[in-house]
Amino acid sequence: MYFGDISRLTQELVSFLLCLFGCQGSDGELKVEKDGVSDSESKVDSGVPEVPVPADDTPEVLNKALSGLSSRWKNWWVRGILTLAMISFFFFIIYLGPMVLMMIVLCVQIKCFQEIITIGYSVYHSYHLPWFRTLSWYFLLCVNYFFYGETVTDYFFTLVQREEPLRILSKYHRFISFALYLTGFCMFVLSLVKKHYRLQFYMFGWTHVTLLIVVTQSHLIIHNLFEGMIWFIVPISCVICNDIMAYMFGFFFGRTPLIKLSPKKTWEGFIGGFFATIVFGIMLSYVMAGCRYFVCPVEFNNDSNSFQVDCEPPELFQLQDYALPGILESVTGWTTVRLYPFQIHSIALSSFASIVGPFGGFFASGFKRAFKIKDFANTIPGHGGIMDRFDCQYLMATFVNVYIASFIRGPNPSKVIQQLLALRVDQQLHIFNSLKAHLTEKGLLPALEEATA
């Protein structure tokens, strides 16, 4: 019995590693069923326990209204109606402001984590592993405490310095975070059972990879949000647009299969989604770049103890004239065109969302094929679970964060001042004298003194 378990677990590990490093799939529309898996794949995955398939959760009202349609068109209408509902909800939470958006990101993160951990538990629950789910949620708590503590210290600095308990927690934040994680690590070691060592380490790795994929990316989404709501809304909207338009083009014009892992994905949908997303990104950026509410960084106002999004828009969000290439000038008759510089950056964001972003969905589909499941959950009828809708968003969040750090973000004067005010008085005087000497040497200080006289 023991050697049979080891053999089956070895097959499971091979399958999981193949999925982790080489799989690509779809965005939730792929139906992973036994008749869609090749013979060779069936042999490799024959030892993988199957997750119970959830029952059809389409609302009864829609089932009755669409009962006369074929399954293909029924699925199209269900997905379309619920997509419009989700987009409407997205606009509503944007209207509620950045704080609500952060709470929604946290809720989505927790739900995605729960869906992935539930798959692991469903596959391995028969082994009665001690503390698996308890430790998984404990590690989620620890990682969130670390990341959100860093965010609070960074963006709520003056509030933290004003309250003594918060100041102490901020000062020793990383040590506390490490101590919490170390406690969970020791609990895991104490929970090891002799006959399940290997399986328990598999699940330990399962939990940590899930934390890396879900929690880290959601933390980056919140950082993007603090740079300005436009850096949150445009990338997410581009992924949504590409998802919708690729589905539409593929549904009506799709003929050529794109990738074996996702049989319903076509080249026609992929290419059509790319061009539609580029146009959509440029247009959406033009609309949003002219509104301070979207372009200003989200900052905490100490006087009102609330977030504010009011500033003088930087050059990135000010209209500028650009000379057109000769070819376009001969076609349009225009010599220049007025654009926001952010619109040019939106082309890079849209391109990533439509070319590389889908690989997040392919990765998720490969994962689902490895465990012979259709969706991560049945939270949204016609769409699957929350993770099925956000598999591409997490990859996009990392790109946007790296893009901002590499090409956009510069030194933040307000954060520099916050750090200076946290220094001792003698250190502040030393920096003041050094800065004064530097400005005097450059000949800037006399000019400033004459201007203020």
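Backbone N, Cα and C atoms are what each Cβ position is placed from, and that goes for glycine too.
Curation plays no part in TrEMBL annotations; they are all automatic predictions.
These come from TrEMBL:
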| type | residues | note |
| --- | --- | --- |
| SIGNAL | 1-25 | signal peptide |
| TRANSMEM | 76-108 | transmembrane segment |
| TRANSMEM | 129-148 | transmembrane segment |
| TRANSMEM | 175-193 | transmembrane segment |
| TRANSMEM | 200-222 | transmembrane segment |
| TRANSMEM | 228-253 | transmembrane segment |
| TRANSMEM | 274-295 | transmembrane segment |
| TRANSMEM | 342-364 | transmembrane segment |
Annotated stretches the transmembrane segment (76-108) and the transmembrane segment (342-364) touching (3 or more Cβ pairs under 8 Å): no
Cβ contacts under 8 Å made by the transmembrane segment (228-253) with residues that lie 6+ beyond its boundaries: 27, 29, 76, 79, 83, 87, 90, 94, 98, 101, 221, 264-266, 268-274, 276-277, 280-281, 284-285, 288-289, 293-298, 309, 317, 342, 346, 349-350, 353-354, 357-358, 361, 392-393, 396-397, 399-400, 404
Long-range Cβ neighbours of the transmembrane segment (129-148) (under 8 Å; 6 or more residues past either end): 106, 109-110, 113, 117, 120-121, 173-174, 176-177, 180-181, 184, 187-188, 191, 193, 196, 199-200, 203, 207-208, 210-211, 215-216, 219
